[in-house]
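S.K.: I have a structure here, written as structure tokens, and I will follow up with some questions on it.
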């Protein structure tokens, strides 16, 4: 199933309980579609949400609203039914907003191009936590709800852990030699997996964030722009060559390529609410929804020549010989060029 968005998308998200998907575009527009297996997707909303690129979008309040973050530094909450703005926070950050995630029912987190992470209370309409944790853009974030820890990766090559209970930066990794672009928590909370711009997966043991315990290089040299956790032992990766792959973690191996979206980088991966579909977006201006069962039906018997990587928890870090390539950093520059050629929270 495919949706032609008409412009380059930077973000997508599925509704938490309905067959709805939203996409944020380089033009600042926000689209909402209803989909099902028996008919073509139907566009329900098309609004001009921001004056610059819509970089991040998430359903909030049990799917009653969509929150978006933009390179114009604003955050917008939009009513799902009417498409009307619920509230807009101008100058939410001092620099362009790059990433946005849900935390709890009433809190979200945003990260900007200067490395600042903010936590917002959507009911109190205020910023309740702020962390100047990175020296470059906040590429991705994930949340450990049991311990109230917010993890973020950055173009500065670090992984950071912020404690939302104490409002303190609890830990930060040493600088790696490549930008970190994506992050997930796996192995029942024991491992943190980061995707990098030279195609290496960096594995960190929980509580030991200064240095990675393992590195997996089979996807190199294509940057790993998106990570999506399938289960505690497998992760789906989206790379700059447009390839979507299934990767096992400890033992680490490429289980099988799942799909090829296009020849362009994968901007985002997401599951539909029932996990029937895997969604992907890329620079080809198309949102694709893949039947997940069809993609995974042969994964159990797939083989790969890559040798497994043991769970060594070693303090040693191998040095990659591949020169660094900034993919998401390049995206920030490209969006301004494309823009030139293309024509506070209320109670929720």
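Backbone N, Cα and C define each Cβ position, glycine as well.
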S.K.: Tell me which of 251-299, 300-348 corresponds to the region 'Disordered' entry in TrEMBL.
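M.R.: It is 300-348 that TrEMBL describes as region 'Disordered'.
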S.K.: Give, as a single whole number between 0 and 100, the mean pLDDT over the repeat 'WD' (47-88).
M.R.: 94
S.K.: DSSP helix, strand and coil counts for the repeat 'WD' (47-88)?
M.R.: 3 helix, 24 strand, 15 coil
